[in-house]
Structures are given as structure tokens and as C-alpha cells.
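The structure appears right after this line, and notes come after that.
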Amino acid sequence: MSRTAPHRRAPKRYKTPPPAPAHVVTGNEPVIEIISLDMEARGVGRTETEDGTPGKVIFVEGVLPGERVSYSTHRSKPKFEQAEVVQVLRESVMRTKPKCTYFDICGGCSMQHLDIRAQVAVKQRVLEDNLQHLAKLRPETVFRPIHGPSWGYRYRARLAVRFLPEKGGMRIGFHEKKSSYIADMKTCEVLPPHVSAMLMPLRFMVRKLSIYDRMPQLELAVGSSVTALVVRNLEPITAADEQVLRDFADEHKVQFWLQPGGPDTVTPFYPLDVQLDYTLPEYGIRMPFKPTDFTQVNHAINRVLVSRALRLLAPARTDRVLDLFCGIGNFTLPLARISKEVMGIEGSEVLTSRALANAGLNGVAGHTSFECRNLFEVTADDLRALGHFDKFLIDPPREGALAVAKALAEIARSGNGPLPKRIVYVSCAPATLARDAGLLVHEAGYRLVGAGVVNMFPHTSHVESIALFERD
């Protein structure tokens, strides 16, 4: 196999920005009461005015609702300011000591200072606020949150790589808060322990490569028995580089892949006799994947999520189910175990092919079919042409499933075409879920039976959720 880039490009030299000036505490900083958290886990408050009218909105990082803090503004606009906390004058009972040594500088996590149960409650509030404000909806039932291990859960990550001689040499990890620098992190509490322990050895290994200062990132994917690292090699690697990778792989029990170009250029390098996969034991499913395929970052939560989604969808043995944005078959294959027929539709040809292969591997090819289609442009006629499906499962990216929701609304208005009686919608962006839910309820005639959060990314502001819609 070729390990050279299909075309040469000029090496990218990474420049480091000047450090932001540190705030000098004077004791005269303004003080504010924190009311809530926004979508980025920043505290939200308003300045106090003499006549009691609402003042300017202030977004303060590192604070919690109920706290009274002094702050320093680093960006001011006519209607709001962005600020950093100087001192917490009154602490929230929800405040906890961050486990990670690097929490104050690393941008990988934003909520370690908030108790994990309170994190889930905050995310549930974000979900409900989006549904109410954007779609004028309240779920009939608030589902019990899905949560699990909050440390060592991150089985996928993109680790930035930079050579910074003025900052001490090689760095590998996440970016600093509000900076393009990479945090000087020697361990990471949200990565699996064996990966966290590799961060420093990885620095030394990359420094030995000929492309050490022209390598932008390492892509991490952890499977059930294999840990893969994708080297983004914008230039060909040398024979000496290859030996460095082999030696590291043997010592640390990892598999290296190379990516000289776009995602389609990713190929395994060494060793070649192992395979990435994850399992769904409840359904007897083994799911092989490539390290650049989309899979959920949190394997434990994904297993619970699949189980919850299938229980809510409750397919009968006679049901035909449509799985939209099916990926490599994360929901499709378990559904095939308990329903008559499942059709998976995915926008990526690569993922569609992987789903088809996984169906064959798991013995459910006779109950599944797959199609590659752009679901961001799907129409009512497209859905009609697919025929009748009793139930839908929708698991879109952050952009949501607007075209699907519009198509269902058009079918409902026209009365021409079948509609599923039940829809389970798995979302990774509450704003687009709310938008699509508004169409499904107000225009397509569905009820929002329930919704709840899925804490897929503990200690971050990311809100994943699941919702159930039914049509009488």
C-alpha cells in the first residue's frame, strides 16, 4: 500500500499566539449574581442598575448559578460582556473540586467544578428550555436521565499535536481555554486510563519522527480490544519513522493508521492482524469500524442508549422500521433482532457499506436493507416512495433532521401517504431537536410523549438527548 500523499503540499508551520495579559486583581472589580448557565456552561448574570431595571448581560466562565462573584471583562459589546471570574464571593452548594489538575487551563472540559448530578440537571434544563422557547412544547413525560461512568469514558478523541520550543517542546492533547495553544497536559481524566498514561510517551515518540513539526493531529479510537491512533501525515514518512511507529505499537499495544490526505486515504499501518470493534452484548452484536468512522465516544452510555431507544420504539415482530442517519448500523442491527424488517438510510457511502457488511457479519442481512441518500434534501415524495414503515428511528448530526420533519409534515397536511405511528429521535443538539419537534407536533400531528438527556459527554456542556413522538 502507498503511504505517500496523493499530492504534495507546502508544510504548514504553526505559529503560536502571544499569551493574553493576566488580569491584575485590584479589589475594585465589579460584582454580579449568577442566575443560570448558558449552552457553553458559562455563568449568566446581569449588571445591577440604580433604578432596578435589567442591566447588561454578563457571561462569566467558571462560575455556577447562585454564586456571587467578582469578574474581569475581556470582551465588551453594547448588549453583553464576556468575562472571567476573579473571585467567588459566595459559593454554590453544587460546586466541587475538579479532579483534573489541568482543568483551569485545558479546554477539553468545562464543567468539572459542578457536581455530576447537577451537571445532568443543568443539561435537562437546557433541553426543556429549548423545547419550550423554540417549539412551545413541554414533553408529557421527562425521561430518567441516561448517565454512567464520568471518568475514563472518552473512547474517541482528536488530539492536537504541536512542536512549541518556546513552551517546552512537544505537546499533545486538547487546546487551552480561549487559546490556540495546546494545554500542557501530562494526563487526562476523561480518556481511558491506558490512553492517559500514553500522553507523555506519545510526545517522545512524535519528537523522533521526521515530520514532528508538521503533524497536526492524532485521531484516537478505542475499541473493545484494540486502541487505534491515526497519524495525520501531510508528508510521506521515512523508513526510520515506520520503525519508530512499530516499536511504539509493540510496546504500548496500539495500532497505527496513516492518513496522508482526506478521510478516504486512511489505511492501517501496523499491526495488521487486529480489528477495531465495539459490542452491544444485549443484542449479540459486534460492530467493526474504522477509526475515522462515526461512532459514539462513550461505549457504556451507547449501550444504554440503544437499549432505551429500542424500548421506547417497541417494535413488534411484524413491524417495518426505518432508521434514518443509520451510520454503521448502531441502531439498525439491534432493531433487526426484534422486528420484521429494518431499512437503514445514511448519507455517507463509506458508512453505508460498513453497515451492510456489519449486517452480514451479525447474521441479520435477511432482515435489513441499506441505502445511501442525502437526508438533508429528502422530500415527501421520497418518503412515500419508500413505502409504509410502522416506526422511525432518527439519529441525525448536529444539523438535525429538518428535511425529514418537513416531509412528514407535508404528508400529514396532504393526507397522501403513510406516516409512522411512533418516532424515536436521538439528538446531539437541543436547538435542532426543538426545531424539528415543533414541525412534528404542530404540523405533522404528533405528540411529544417524552424527552430526556443522555450524558454522553460528562464534564462538558454537550447535551445529547432522546425524545419519543406518537401519532394517534
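Just so it is clear, glycine is given a Cβ too, placed from its N, Cα and C backbone atoms.
Site annotation (Swiss-Prot): S-adenosyl-L-methionine is bound by Gln296, Phe325, Asn330, Asn374, Asp395, and the candidate from Glu251, Glu346, Glu349, Glu410 recorded at this site is Glu346.
Of the residues Cys100, Cys326, Swiss-Prot places Cys100 in the same [4Fe-4S] cluster site as Cys106, Cys109, Cys188. Separation of the C-alpha atoms of Cys109 ([4Fe-4S] cluster binding site) and Cys428 (active site, nucleophile): 17 Å, rounded to the nearest whole number. Secondary structure from DSSP puts Cys106 ([4Fe-4S] cluster binding site) in a beta strand. Sequence-distant neighbours of Cys428 (active site, nucleophile): residues of the same chain at least 6 apart with a C-beta under 8 Å from its C-beta are Pro397, Arg398, Met456, His462, Val463, Glu464. In the structure shown, across all protein chains, Asn330 is the one of the binding-site residues Gln296, Asn330, Asn374 with the greatest number of other Cβ atoms within 10 Å. Within 8 A of the CB centroid of the [4Fe-4S] cluster site residues Cys100, Cys106, Cys109, Cys188, the other residues of that chain are Tyr102, Phe103, Gly108, Gln112, Phe174, Ala183, Met185, Glu189, Val190, His459. Cα separation, Cys188 ([4Fe-4S] cluster binding site) to Gln296 (S-adenosyl-L-methionine binding site), rounded: 19 Å. Of the recorded residues, Phe325 (S-adenosyl-L-methionine binding site) and Cys100 ([4Fe-4S] cluster binding site) place their C-alpha atoms 35 Å from one another.
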